[in-house]
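Shown next, in structure tokens, is the structure this report addresses.
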Amino acid sequence: MDSLLLAKIATAIIAVVGLSLVAERVSPRVAGILSGYPLGTAIALFFIGIELGEPFAATSATAALSGFIASLLLICGYALGIRLGGERPLPLVALLGSGLGLLAFGLSGYLLSLLNLNLLGGSLALLLAIVLVGLVLAKIPDATVAKPVRLSPLVLLLRAAAAAMIVLLVTAAAKLLTPAQAGILAAFPITLYPFLLIIHLAYGAPQAQTIIKHYPRGLGSLMCYVIAVSWLYPLLGIAWGTVLAFVVATLYLLALSAWHRLRTKPLETPAPETTKCSR
């Protein structure tokens, strides 16, 4: 096994396991937002750039904007599966959600690849999709992980295997595709999808729906990342381009977190003045 293959597997494992720990130690809401952090897409574009060159990866990054729309439809399909599944056994509901989600991603991704949107067109279309999907999912109530389930070696192995397999498939398939098609595929939620399955099966539908609800908000970070990659890879190369693109994405998430704190901070109301009644 060569070093590049080991690097792909290691980065995928760290991303998925770390995200799952955040959900258990903090909350699914925070994990849902962090699911929009450029983990899986960054891994895919980084290794696509190493294997196929900076220009190929930069073009793929532009197409990834359209691919994120397909990712939004994937989570909508999964949410629909949860709703249709009702009180049926969790594995069956997860299978239904996965089937609908993957079908939505595949069909929409193919249609979007035919449009061949440029950087501006892809950005505007993605922004519109984020707003619309966010409104559709806004009524989902937030749920927390009340009692974390102890992580067994088998669960960790499944997390690692699922993420690593998707990374390997995406980067291998990119060699057979055009840059635009590879970009659509790179936008597949590499870390979110296995993570969502794990949380759904371990804790139930409410926690999975909470992650789905907050995923569109974090996509702004992915959008910032791929726009930065499309500019920086040809200018600075893969290494420095990746570092600076992560800086851009992190600044976005910090701004988002600050905005959320200000929005949810309770307003301080002055204490009512007491007046003494004269006798």
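Even glycines carry a Cβ here, placed using N, Cα and C.
A TrEMBL annotation is a machine prediction, not a hand-curated record.
Listed in TrEMBL for this protein:
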- 6-23: transmembrane segment (TRANSMEM)
- 30-50: transmembrane segment (TRANSMEM)
- 56-80: transmembrane segment (TRANSMEM)
- 92-113: transmembrane segment (TRANSMEM)
- 119-138: transmembrane segment (TRANSMEM)
- 150-174: transmembrane segment (TRANSMEM)
- 180-203: transmembrane segment (TRANSMEM)
- 215-233: transmembrane segment (TRANSMEM)
- 239-259: transmembrane segment (TRANSMEM)
Chain residues outside the transmembrane segment (119-138) and at least six past its termini with a C-beta under 8 angstroms from it: 62-63, 65-66, 68-69, 72, 75-76, 79, 212-213, 216-217, 219-220, 223, 227, 230
Stretch among 92-113, 180-203, 215-233 sharing the most Cβ pairs under 8 Å with the transmembrane segment (56-80): 180-203
Non-local residues, at least 6 beyond the ends, that sit with Cβ under 8 Å of the transmembrane segment (180-203): 12, 15-16, 19-20, 23, 28, 31, 35, 39-41, 43-45, 48, 52, 56, 59-68, 70-71, 74-75, 78, 82, 90-91, 93-94, 97-98, 101, 105, 109, 112-113, 116, 145, 149, 155, 158-159, 162-163, 166-167, 170, 173-174, 211-212, 215, 222
